[in-house]
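Visitor: Have a look at this one before I ask anything.
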């Protein structure tokens, strides 16, 4: 959370100009209403009482020509009492004339007002004024989210050791007494050096892909006693150039390496690098590769790669969308090098993983399924339409589920999992599963603007868990609301540790737009995955029911509106 002060100039108040003339005449700033605050100097002849009108006169004139001054004083007294008439003004016009001094060069008195500007630590939203709670997400400007993760109160200032912290420590101690490090089945990949990757010079507001994302997740896991604690850490290493060349062109690798000699650089207007970025990207890719091989070999059951920079937008030849190296692609090839014949990548980041699709759209041994906002190509990066299915003999290796709007929530995602993701994945029969886990479709994310909850993410993880006998690697991609990303990541890791996702699923009712998207994708993918045929016929009938219900509902609304208009018309006629 950053803050700064903006200085603005304005008139001190509506009296600024008036006070200049009042000072010249020795008038009070509020002479007309009886309040007496002298803005002029207390020169000879100036009344200091609250009764007189503070008319400026020369002492000599008072002594020598007293009679001549009585009338102006009388006029002033009438003005103070509010009894002045137009005739008085006409008869004594000289008294009311403005000073003859040239005031064309007069300038208003400037008053500097300090306007506080601060950025929310949770969502990076800019806030103006001295408020302490973010206007967008409701997070306190000094919340403890970076110390306690999402367990910290969103609306309270961090006050050091809290009741939440004490309670979690007690629970963790009890849990650790029941577990030993040797029986941990979930590995976590993390290295502090990835925090050094940052935008050198802030633009209009903090970059959404910032190191606090990892800090918030780490704080949440520590507070919950998951890591360190129940999860197994793996050692970090930097990926080799030879491993990267299996995914990226040599020119791309060299371009990323070059940034280590540059203080600040950009691949695209929103994809930055500093002198530590190349190392962070190599560490992220190296952790993902080692996690994949470690999981597939059976040394651990599953894992979570808590890495940055993210990777699914990085293509064969370019870095973009905050991504430098494609971590999921590196992990998929590492799993295949360890013996996996077929790898499934499910990408639930709110943005389409155009880089991952490009890398594998001619590879039948890797199935890429992406659920993302698309909106006819208007949502970043614009790729990922339903008819992008793979090419050159690998048709069907890409399955895009492109949402037509924002605000998509748990029901639509889980419905798509039930009717598209799981049937296709089961038919594909992978040996290893990777989740490109962007949490920017989460409720509260400022970029994704969707509505998936931590319970929704845990449910989707659980649905994929059994596909490959638990050989599952979750790789962090996007997600820019710290509270959303940390709570969602924690829920996913709990599923990896064997905790159930919660209540059983009932009948999931998708939105009309969600059902329409699933049907469109089914119609295309049925050509490559025959198992979808029976489900497609069933959903078509459901779609027909949706349309009929909607049509009847709209007809009823129109009839009601027509009835109201007739009643209003009749009521108006009766008044004529």
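Cβ from N, Cα, C; glycine included.
Given the structure is predicted, the values throughout are model-derived calculations rather than measurements.
Just lifted these from TrEMBL, have a look:
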COMPBIAS  39-50  compositional bias 'Polar residues'
DOMAIN    118-137  domain 'RanBP2-type'
REGION    1-55  region 'Disordered'
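Surface or core, plus neighbours and distances: that's what I need for these features.
Guide: If you look at the domain 'RanBP2-type' (118-137), the same-chain residues 6 or more away from its ends with a CB under 8 A from one of its CBs are 1-4, 143, 145-146, 154-155, 157, 204-208, 210, 212, 444, 446, 480-483.
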Visitor: Would you report the average pLDDT that the model assigns to the domain 'RanBP2-type' (118-137)?
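Guide: Per the prediction, mean pLDDT sits at 95 for the domain 'RanBP2-type' (118-137).
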Visitor: For the domain 'RanBP2-type' (118-137), how many residues does DSSP put in helix, in strand and in coil?
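Guide: Helix (H, G, I), strand (E, B), coil: 0 helix, 6 strand, 14 coil.
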